[in-house]
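*Asks:* Take this structure first; my questions come after.
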Amino acid sequence: MPQGETFYRAVSQVLFISQAYGLLPVSNIRALDIEQIRFKWLTPRVFYSAIIFMLNLIEFGAVLNRVISVGVTFHTSSSLALYIVCMLEHLFFWKLAFNWHSIMRHWYRVEQLFLSVPYRFYDEYNMKRRINIVVGLIMSSALVEHCLLLANSCHLSNLERTQCNINVSYLESIYKWERPHLYNILPYHIWLLPLLEWVNETIAYPRSFTDCFIMCIGIGLAARFHQLHRRIAAVHRKVMPAIFWTEVRHHYLALKRLVRLLDAAVAPLVLLAFGNNMSFICFQLFNSFKNIGVDLIVMLAFWYSLIFAIIRTALTIFVASSINDFERKIITALRDVPAKAWTTEVQRFSEQLGNDMTAISGNGFFYVTRQLVLSMATTIITYELMISDVINQAAIRQRTVYC
């Protein structure tokens with residue numbers, strides 16, 4: 001890695017793109033000098049993000065009004081939850097923007113330890129490339145999902161229009177199908193469609209981007225733990241002076257403090273992201289027992305959305321848990337220190353490594369480690385068995401009539 005390639009530079013392009021959807025409204029996000037990255041109230045970014053949040057809030061009010069009028073059901077409550085999660089994600093990114101400069105400045109100071117000799121010889125992690133690959137893969141898949149769901153809405157709205165002989169245009173039928181909570185409040189106009197589609201994208205984008213953001217944090221931290229592990233592994237079974245272990249231990253503690261700082265900052269986003277992913281997967285599994293239709297577009301959109309959510313959640317766990325994986329590798333490497341080289345510094349280092357968990361968490365409710373995959377899988381399987389027992393599958397009929 002070049003000496004100037006720090007985390008804030010590696011992730012700057014990703015965060016800049018996210019600002020198009022009103023997330024993390026920080027000024028000079030792509031600046032070369034970290035001191036130029038600031039949150040300022042009177043800037044176009046903040047104004048633009050505030051407009052997007054207000055539009056989402058207005059539409060949430062319309063959804064809430066419809067839920068109250070038609071009654072709370074499993075499906076209407078899921079629509080309500082979607083808007084609540086979206087607005088919370090926007091608010092959490094706003095809160096993160098307030099502290100982004102201080103967080104990046106602290107991260108930059110810690111990284112200077114690992115961008116100099118001898119750590120520069122132990123860097124094969126390619127942090128920037130990993131971030132670009134992960135974000136590109138997830139967000140391009142999310143774009144495919146969005147297009148499939150949009151095509152599904154257009155297809156179903158047209159079926160309803162033709163089967164029920166509804167005397168409205170094709171575009172108006174899409175508006176009615178996509179925005180039933182607005183149809184009786186805001187009369188159809190063709191210029192509303194692109195505006196509402198953009199609002200729809202600002203609602204859908206944060207769900208996948210929050211997972212990407214968590215993965216970026218995980219990659220950035222894992223890159224430095226990887227370098228620390230490589231330095232220790234390079235002296236495998238060698239007798240090293242106490243000053244070596246003192247330096248390594250101090251560098252580990254610097255990383256540990258950085259993990260705690262980031263965990264305090266992103267923990268609400270982690271909790272919200274995993275809670276939302278779990279609820280969405282369970283909701284889609286429930287729908288898999290019900291009438292999802294026999295049309296190719298309907299089936300493709302449904303199963304792609306479900307599989308993508310499962311893969312995205314699993315990938316988020318595996319990438320973010322790499323922080324904890326490298327720490328465990330460091331613990332294993334310390335066990336191979338020869339007895340004659342086992343000094344007080346090595347003992348202190350060993351005790352600090354095993355003292356507590358080094359991983360990002362969901363506000364302390366859980367830690368993002370590989371064991372979380374098993375826990376979530378167990379919960380999902382239990383839920384699947386419960387609903388399969390409750391729902392009378394013999395009574396299910398594929399939906400072919402939309403009128």
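Positions of Cβ are set from backbone N, Cα and C atoms, glycine also.
According to TrEMBL, the transmembrane segment annotation covers 46-68, 80-98, 131-151, 203-223, 261-286, 292-320.
Mind mapping these onto the model and telling me what they sit next to?
*Replies:* For the transmembrane segment (80-98), same-chain residues at least 6 beyond its ends with a Cβ under 8 Å from one of its own Cβ atoms are 22-26, 39, 49, 52-53, 56-57, 59-60, 63-64, 67, 202-203, 206-207, 210, 265-266, 268-269, 272, 276, 279.
Below 8 angstroms of C-beta separation, residues 10-11, 13-14, 197, 201, 204-205, 207-209, 211-212, 215-216, 219-220, 297, 300-301, 304-305, 308, 312, 315, 319 of the same chain, each at least six residues beyond the ends of the transmembrane segment (131-151), sit close to that stretch.
Packing against the transmembrane segment (203-223) from elsewhere in the chain are residues 7, 10-11, 14, 18, 21, 23, 56, 59, 82-83, 85-86, 89-90, 93, 107, 123, 125, 127, 130-131, 134-135, 138-139, 141-142, 146, 255, 258-259, 262, 266, 269-270, 272-273, 276-277, 312-313, 315-316, 319-323, 325-326, 360, 368: each is 6 or more residues past its ends and has a CB under 8 Å from a CB in it.
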